[in-house]
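Copied from TrEMBL, the annotated features are:
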{"type": "ACT_SITE", "residues": "Asp32", "note": "active site"}
{"type": "BINDING", "residues": "Asp32, Glu219", "note": "Mg(2+) binding site"}
{"type": "BINDING", "residues": "33-37, Arg45, His49, 77-79, Trp81, Arg83, Arg200, 206-208", "note": "substrate binding site"}
{"type": "ACT_SITE", "residues": "Asn80", "note": "active site, proton acceptor"}
Amino acid sequence: MFSKYKEKRVEKIAISDIDLSNVPKHVAIIMDGNGRWAKNRGLPRVAGHKAGVQTIKKIANIASNIGIEVLTLFAFSTENWKRPEKEVKFLMELPQQFLLDYMEELMEKNVQVKLMGFDKQLPDNTLNAVREAEERTKNNTGLILNFALNYGSRAEIVNATKNILNDVINGKLEQDEINETTFNNYLLTKDYPEPDLLIRTSGEQRISNFLLWQLAYSELWFTPVYWPDFNEQLFLMAIYDYQKRGRRFGGLEE
Ligand code: FPP
């Protein structure tokens, strides 16, 4: 089994190897390794983030081509504010640049842009650019390109809990109505199916406060490749591996 898996990994995976009737509906990605990619080339860290934007374009394209419904990208965490001011500033300018460069293509591909995160702390320029893209793409019906910006899963869960409590106090929700389904409705992902697949690049194998509730039954896929070097081939490999897994959601195999 293991040798077969290894054998397949060196082969090229093409779209024709993918079962298009069984693609994951929702893929979430932790785009990691930009800094190390740049360091290996003697470049400043921000060069890695810049290169990472090109990878986003490639992956959004292939995800749209194979019929994925939601692609959630961890672009900036609630913890990333601790980084040097210059790097934070650079990262906050990327969504605007990306959307400026790529908007026509997003429209052609029928992509809907979405923001998921605590928007109040985002700089005006960043927030306005993403909100404008959301507005422009809101009638598109293809891939949802969901940017997690200033997102943290623990904060999201605490926030959901506070909102539930408020609604109970205000009589909008009965205490007995609190269950997993209602709780889910208070999360920032309430409109999307749970991620079927989580990909993390750069060799790190942890969740880093990303979608802790939503990833309960997701398949996890890791690659040592740094995000700027991640590409369509590797993405298809992840989907291919995903399709070989038996998902049981705590039950037994049929
Ligand atoms: C992790 O690599 C990456 C990030 C914290 C930022 C990811 C952001 C992008 C790829 C661009 C965002 C663009 C848009 C359009 C929203 P790291 O810096 O932690 O790398 P390291 O672990 O090697 O230091």
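Each Cβ is built from the backbone N, Cα and C atoms, and glycine gets one as well.
Structure with TrEMBL features highlighted.
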| residue | record | CB count, 10 Å |
| --- | --- | --- |
| Asp32 | active site | 23 |
| Gly35 | substrate binding site | 21 |
| Trp37 | substrate binding site | 25 |
| His49 | substrate binding site | 22 |
| Thr78 | substrate binding site | 19 |
| Asn80 | active site, proton acceptor | 17 |
| Trp81 | substrate binding site | 11 |
| Arg200 | substrate binding site | 23 |
| Ile207 | substrate binding site | 15 |
| Glu219 | Mg(2+) binding site | 20 |
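Among the binding-site residues Gly33, Trp81, Ile207, the residues whose Cβ sits under 6 Å from any atom of ligand 1 are Gly33.
Here Glu219 (Mg(2+) binding site) is positioned 26 angstrom away from Gly35 (substrate binding site), judged by their C-alpha atoms. A Cα-Cα distance of 14 Å separates Gly33 (substrate binding site) from Asn80 (active site, proton acceptor). On a Cα basis, Glu219 (Mg(2+) binding site) lies 26 Å away from His49 (substrate binding site).
Checking the recorded positions (Asp32, Asn80, Glu219) against Arg200 (substrate binding site) with a 10 Å Cα-Cα cut-off leaves Asp32.
Nearest to Glu219 (Mg(2+) binding site) in space, judged by Cα atoms and limited to the binding-site residues Trp37, Thr78, Ile207, is Ile207. Nearest in space to Asn80 (active site, proton acceptor), taking C-alpha to C-alpha distance over the recorded positions Asp32, Trp37, Ile207, is Asp32. Taking the Cβ of Gly33 (substrate binding site) as centre and 10 Å as the limit, one finds 24 other Cβ atoms among all the protein chains shown.
Put simply, of the binding-site residues Thr78, Trp81, Ile207, the one whose Cα is nearest the Cα of the residue listed as 'active site' is Ile207. In the three-state DSSP scheme, Gly33 (substrate binding site) is classed as coil.
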